[in-house]
Amino acid sequence: MKYTEKLSAIRDQMQQNGIDAYVIPSSDPHISEYLPDHFKCIEWTSGFSGSAGTLVITADFAGLWTDARYFVQAADQLKDSGFELVKLRVQATPEYVEWLTERLPKGSTVAFDGRLVAAELVKTMRAGFNRFGFKLDTKSDLLGPIWVNRPPFLRNPVFTLPVSTTGESTADKIKRLRAEMKKQQVDFHLISSMDDTAWLLNVRGSDVECNPLVLSHTLVSQTEVIWFVDFSRIDNATKDELEKAEITLKPYEAFVDAVQELPEGKSVLVDAKKICQLVYESIPAEVNIVEGTNPTTLFKTIKNTVEQEHIRQTMVKDGVAMVKFLKWLEENIGKTYIDELTASAKLYDFRAEQEGFVGESFGTISAYRGHAALPHYRSTEESNVELKAEGIYLVDSGGQYHTGTTDITRTLTLGKPTDEEKKDYTLVLKGMIDLSLIRFPEGTKGYQMDAYSRKWLWQAGYNFGHGTGHGVGFFLNVHEGPQNISVSGAINVAFQPGMLNSNEPGIYRPEKHGIRIENLVLCQEDVKTEFGQFYKFETVTICPIDKNLIVKEMLDETQLNWFNNYHQFVYDKLSPNLNTEEQSWLKEKTKAL
């Protein structure tokens with residue numbers, strides 16, 4: 001079916017069922033950012049493959065609401081689809097809830113598949129729709145009847161991680177969760193987010209591309225932990241491990257029934273941002289719902305000392321792969337045909353040589369010249385271009401290892417850089433360094449630190465449209481909350497020692513170049529004074545930064561010292577793992593400015 005035919009088929013069902021507007025979010029029953037192919041509904045319906053967006057369909061309009069990261073990509077992918085691009089956060093552009101209230105008559109019916117919408121979002125919808133008398137239909141799956149050859153659920157093997165890797169046993173994690181449940185005076189806790197379950201049970205899988213997750217739900221009480229999963233793909237050894245931790249296995253499909261059978265008079269803790277509406281409304285009316293953040297969300301974002309040491313070791317492996325790639329690229333550019341896709345594949349090969357490598361932590365952003373101005377660009381056979389011995393090349397990539405998750409961006413000049421490119425690069429570098437050096441008091445939130453990375457850009461009249469940094473999981477999701485560094489960040493989440501976060505300012509000039517420099521940083525305790533406890537960031541990413549793009553005179557003494565010390569750190573950590581030729585190359589790249 002063509003996209004326009006799919007749109008017509010959806011509208012036919014809307015008319016048959018008295019639906020005035022149909023909403024398709026980028027989500028799944030676990031409210032995930034990265035989706036199994038089975039739930040890539042927006043891509044199947046419209047062709048848009050970005051990770052953030054919402055489709056809204058009425059009788060006479062079909063639109064995709066998405067943010068600035070995807071404007072160029074969406075405009076290209078939506079051609080001839082029947083869908084229009086609606087640019088979020090652009091002046092005078094309303095959110096789709098407000099837009100619908102302006103376009104539809106009172107009493108209209110807005111429908112969606114309740115498996116794919118977070119309960120928290122439904123509350124927002126109701127708040128916006130109630131005064132207009134809109135009806136919400138939460139049970140309409142209009143794609144199921146028309147999606148021919150829909151990708152099936154993956155049933156890949158499941159495995160457990162040893163305590164030597166995680167630093168905490170499953171039993172101890174469950175004990176800690178139950179203590180928090182007791183503190184909050186709740187009898188049950190529902191967990192639908194796959195990364196929360198993976199952390200709690202020390203399990204990993206590969207049911208979602210680039211994410212070592214298992215399609216499953218979990219129900220926890222003071223006496224029982226039930227894991228709802230397709231256990232036919234779990235081998236006996238893994239089952240034995242789970243049995244030792246007193247985990248009961250039940251079919252994935254039995255989760256909603258179990259929720260409906262929660263006993264009268266009991267209480268249940270749910271994270272409305274991380275549980276779908278179908279599950280939320282299955283909770284019996286006689287059960288008291290206590291809403292709050294999943295305790296495991298905060299537990300897992302604070303890496304213990306064992307995890308931190310594994311992260312440092314993993315960064316050495318990833319740094320070795322990056323050095324091999326950067327050396328290969330420099331030596332072959334202009335001599336051998338290389339394009340965005342072959343460069344990305346070569347980087348994958350270098351990572352695959354490292355012990356414990358499982359796969360990419362996200363699809364590599366291999367972006368040349370104007371493509372790099374798109375923060376979330378993904379090279380395809382159609383967009384792929386040759387890398388030549390000139391211009392700017394940006395590569396944002398990461399790996400999943402049994403001992404950690406990496407995310408790194410390096411921007412390189414493939415020839416002689418222009419003055420504008422060097423100025424832009426140095427301004428970005430100054431911001432990245434300033435955030436790396438920050439000392440901040442206990443209780444500081446990410447939004448309070450965001451300006452550190454932007455100061456020099458702002459003074460030049462520049463800015464970038466994405467957040468400065470996101471949390472990163474431990475052999476889990478490359479995007480992990482609740483903390484981040486962003487002006488729109490979680491205002492109630494303070495940074496704590498053990499949190500792993502990205503530091504990635506940038507600047508983007510459409511159709512010219514994009515520059516981003518990204519390291520991962522671990523929050524650590526620093527000094528304690530009469531004014532309280534202070535924290536700092538430990539940079540854990542280990543990879544040289546392109547000196548050819550730096551205007552040395554633009555760096556102050558503190559920034560220059562950080563840069564030279566960082567490069568010495570890079571050489572000291574990586575050189576023992578390189579051959580003589582690679583050591584010589586790295587020695588040159590890490591010489592003091």
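Positions of Cβ are set from backbone N, Cα and C atoms, glycine also.
TrEMBL entries are annotated by machine, without manual review.
If you check TrEMBL, you get these features:
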- 7-129: domain 'Creatinase N-terminal' (DOMAIN)
- 309-525: domain 'Peptidase M24' (DOMAIN)
- 533-593: domain 'Peptidase M24 C-terminal' (DOMAIN)
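In terms of DSSP secondary structure, the domain 'Creatinase N-terminal' (7-129) contains 48 helix, 24 strand, 51 coil.
Model confidence over the domain 'Peptidase M24' (309-525) stands at 97, taken as the mean pLDDT rounded to a whole number. Helix, strand and coil residue tallies for the domain 'Peptidase M24 C-terminal' (533-593), in that order: 37 helix, 7 strand, 17 coil [DSSP].
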